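What follows is one structure encoded as C-alpha cells, with my remarks underneath.
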Amino acid sequence: MMKKYSLTTHSTETCQILFTSVSNVFKYIPSGTRRILIMYQDSVSQVLPIFSAASGVQCYRYLIPDSESAKQLGVAEQCWRFLAQNNFTRSDLIVSCGGGAASDLSGFVASSYLRGIKIIHIPTTLIGMVDAAIGGKTGINLKEGKNLVGSFYSPYIVLCDPSMLTTLNEEHLKSGLAEIIKCGFIQDESILSILEHNAQDHMDCSQRVCAETLPPKLLEELIHKAVSVKITMVDSDFRDTHKRQFLNYGHTLAHALEAATSHKLSHGQAVSIGMVYAAQVAFAKGLIGRNILTRHERILETYGLPVCPPEVQWRNITPYMQRDKKNMQNNDTDSYKDSREIPQISTQSKLVLLRDIANPFITSVSHTVLLEAYEAMFPQ
C-alpha cells in the first residue's frame with residue numbers, strides 16, 4: 001500500500017515523498033515531459049529496464065561514479081554538457097537512481113542547469129531514503145571540505161521503494177542506520193527503544209546485531225519514523241537557518257573526518273563517530289550525564305558502527321570543522337556559556353549538542369573543550 005508525505009519548500013511548491021513500487025514511476029512524470037535523463041550508479045543498473053517501457057518520452061541514460069567520487073565539479077560539468085548537447089529544456093526531467101551521492105550530485109545539476117529543471121529522486125540505499133534524497137539539499141565536494149558547494153532545490157517527487165533495500169550489503173545498511181539512530185537522539189526516542197528491543201532478540205555471541213537481520217517490517221517502520229523526523233524539521237526551516245540544523249547532529253566532526261581521510265570512512269561511519277563525539281562534548285560541559293553518552297556508544301556498537309575515530313591528528317581536522325556552515329551564522333539557540341571560554345571566532349566552533357534525548361540545541365564550544373573531548377574518545 002502506498003504511503004505519502006508532503007514537504008513544503010521555501011516557495012509555494014510541495015514535494016511529495018511516496019512509498020510505492022519503483023515500477024509506478026511513470027504515473028508521476030509531469031505532463032509535457034519529452035525527455036528524461038536517468039542519472040544512475042552502476043550498482044542500480046537493474047532499475048533501468050523500467051524506463052524502457054516509456055511511451056512518448058525519450059529516455060537518456062547517464063552513468064555517474066559510485067559514492068563520493070560522483071560529487072565533483074568535473075562530473076557536474078559533464079552532466080550539464082550532456083543535457084545541453086541533447087537539447088534538454090525546463091519542461092524536461094532528470095531522474096536520479098542511486099545512493100546519497102547520486103541525489104546530491106543530480107540535485108545540484110538539476111538546480112543549476114537552465115537555472116532549474118525538474119527532478120525525481122529514486123533513492124536505492126537506506127541512507128538515501130531517510131536522509132539524502134529528502135529535504136532539497138544538493139552538494140558537491142571541494143578539496144577544502146565536503147558539501148561546500150550546493151543549493152537548496154526541492155525535487156518534484158521522491159519515490160521510495162523499500163523492497164530495493166533487500167539487496168543492500170551490511171555496510172550500506174549500517175550507514176543508513178546511523179542516520180536513523182541520529183533521528184532517535186534528536187527527536188524520536190522510540191527509534192532507540194525499537195532498536196534496543198530488537199537487539200535483545202537478535203544479538204549474536206559477539207554482542208552485535210547484523211543489520212541484515214533486521215525484519216523488513218521493522219526496518220520499514222524505522223524508515224517512516226526517520227522520514228517523519230526529517231520532514232518535521234525541514235518543513236519549518238527549508239533553508240537551514242535554525243531548527244533544520246538539528247539534523248546536523250554528529251555531522252560537524254563527521255564531515256571533517258570524511259574530508260581528512262579522503263572519504264575512506266563512509267558517511268554513516270563518520271556520523272556514528274560524530275554523534276559519540278557530540279555526546280562526549282556535551283558530557284564534558286556538564287549538559288548530559290554519562291548514561292546518555294553510554295547509550296550512544298552502546299546502541300551504535302551493537303549495530304556494528306564505530307564509536308572511536310581513526311588515527312587522525314586533531315590539527316588535520318580543525319580546518320574542516322572551522323568551515324562548517326554553522327560557523328557562518330550567529331545562531332546560538334541557548335544561553336549556556338562556559339565562563340572560561342573567550343568568545344573569539346578563531347577559538348570556537350558551533351555544534352549541535354543535546355541537553356537530553358530529543359532535546360537538541362546549537363551552541364559555541366571552545367577548541368580547548370573540543371580537543372579534550374576528541375582525545376577522550378581514544379582508549380586510554
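In case you wondered, yes, glycine gets a Cβ from its N, Cα and C as well.
Positions annotated as NAD(+) binding site by Swiss-Prot: Gly100, Ala101, Ala102, Ser103, Asp104, Thr124, Thr125, Lys137, Lys146. Within 10 Å of the C-beta of Gly100 (NAD(+) binding site) there are 27 other C-beta atoms, taking all protein chains into account.
Sequence-distant contacts of His267 (Zn(2+) binding site), defined by Cβ-Cβ distance under 8 angstroms and a gap of at least six in the same chain, are Glu68, Gly100, Ile127, Ser175, Ala178, Ala254, Glu258. What Swiss-Prot records for Glu179, His251, His267 is Zn(2+) binding site, and it gives sequence analysis as the kind of evidence.
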Residues with Cβ closer than 8 Å to the Cβ of Lys146 (NAD(+) binding site), same chain and 6+ apart in sequence?
Glu68, Gly139, His255, Glu258, Ala259, Tyr320
What whole-number Å value do you get for the CA-CA distance of Asp104 (NAD(+) binding site) and Glu179 (Zn(2+) binding site)?
16
Determine, to the nearest whole angstrom, how far the Cα atom of Glu179 (Zn(2+) binding site) is from the Cα atom of Ala102 (NAD(+) binding site).
17
